[in-house]
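Got a structure here, written out as structure tokens. Questions coming.
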């Protein structure tokens, strides 16, 4: 199993390009199953989860074509099986996203219950109840969701999400695109990745309105066709590199990103003392060599502060001036990285869903273990601001969400290298 070795103490300084958003790319790839002619998806990040989704398509008889720029063309007309098997789904929770498209287009689907990061319960009941509201018959048995559409296909319906669910919103939006009549999704997720999926569906000929608000209206159409679509930039990757620069007192310019979908994070970085400039597709952060100030964070669904940036801000607070409280309201059990950081000399106290972080001048390098995707990014940041060497184990978590993380950090002057397991 690969490991990362980081020798801390360098301020980050330089420019890098931001990759396409994994959390946008995966639902958009799933949406290609709705089209009866080829769809080309561009600006895909080179990540394990993307490879897994492409491998899943291959198992189903769909053979995507990948060009020299790593754009992927999907022609779902060759599909042979409507089963998403456990051995692939167990490694990637987003596999559940093929359920809605397969059910809407082909009338049935069988998808294994998903795996993914171990950060609390993420029930799929919202997906199931939403599809049932559109007429689907669904059974869960043997670890699989087995779904059938009624004769004549899914019909429009009204569905209220008891809790905001990004993948639930995306799955029902895709299913509704080919359903008969109008579907109204209330208390829908407002994330930029949901908007990106809606834009892609509309480019394929769908009629989706209201994405980005909490009420999405989808008028079903008879067919969806081919399109060429660019995935939006990854706001969490963007935020991670900004926080890494802030924690080290450095300066970075991030290109091919979108500052308008990161406002809550940028506001907190300015509170921490960062000087931030933005353009249409770039963000520049400069700490001017200063130590960050501790900030208070409360996670909540978009447009509030994202749960996927919580761990990185704990790392910054760990070496900041003062004390900051971080309240996690989206997922339970999402402070597992804290115990690893405390082994590096951080002063973090967890009480229920709150972490109280008292900054220290510098952490100390130590062997640590990644527990999930964003926790692993926070340990990388901790390693960058620590004295001596930090060895991070189980970095397959990082590879699920960050494209070429060690190469990008090396471009910014970090001393980081990958050691094969």
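Yeah, the Cβs are placed from backbone N, Cα and C, and that goes for glycine too.
Owing to the predicted nature of the structure, the values given are computational and were not obtained by experimental measurement.
According to Swiss-Prot, the feature active site, proton donor maps to 117, an assignment based on sequence analysis. What Swiss-Prot records for 22, 23 is phosphoenolpyruvate binding site, and it gives sequence analysis as the kind of evidence. Sequence annotations record features per position, and here Swiss-Prot assigns UDP-N-acetyl-alpha-D-glucosamine binding site to 93, 122, 123, 124, 125, 126, 308, 330. For 117, the entry in Swiss-Prot reads 2-(S-cysteinyl)pyruvic acid O-phosphothioketal, with the evidence type sequence analysis.
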Can you name the residues of this chain that are 6 or more positions from residue 22 (phosphoenolpyruvate binding site) yet have a C-beta less than 8 Å from its C-beta?
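Looking at Cβ-Cβ distances below 8 Å from residue 22 (phosphoenolpyruvate binding site), excluding near sequence neighbours, one finds 45, 47, 49, 50, 234, 400, 401.
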What does the structure give for the C-alpha distance between residue 23 (phosphoenolpyruvate binding site) and residue 93 (UDP-N-acetyl-alpha-D-glucosamine binding site)? Integer Å is fine.
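The separation of the Cα atoms works out to 11 Å.
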Indicate whether residue 330 (UDP-N-acetyl-alpha-D-glucosamine binding site) is helix, strand or coil by DSSP.
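Its secondary structure by DSSP: coil.
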Among the binding-site residues 125, 308, which residue has the fewest other Cβ atoms within 10 Å of its own Cβ?
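Among the binding-site residues 125, 308, the lowest count of other Cβ atoms within 10 Å belongs to 125.
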Which of the three DSSP states, helix, strand or coil, fits residue 124 (UDP-N-acetyl-alpha-D-glucosamine binding site)?
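Note: residue 124 (UDP-N-acetyl-alpha-D-glucosamine binding site) is coil by DSSP, not helix or strand.
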Here are the binding-site residues: 93, 123, 330. Which has the lowest count of other Cβ atoms within 10 Å?
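Among the binding-site residues 93, 123, 330, the lowest count of other Cβ atoms within 10 Å belongs to 123.
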Residues with Cβ closer than 8 Å to the Cβ of residue 124 (UDP-N-acetyl-alpha-D-glucosamine binding site), same chain and 6+ apart in sequence?
96, 113, 114, 145
For the binding-site residues listed here, 23, 126, which shows the highest count of neighbouring CB atoms within 10 A?
23
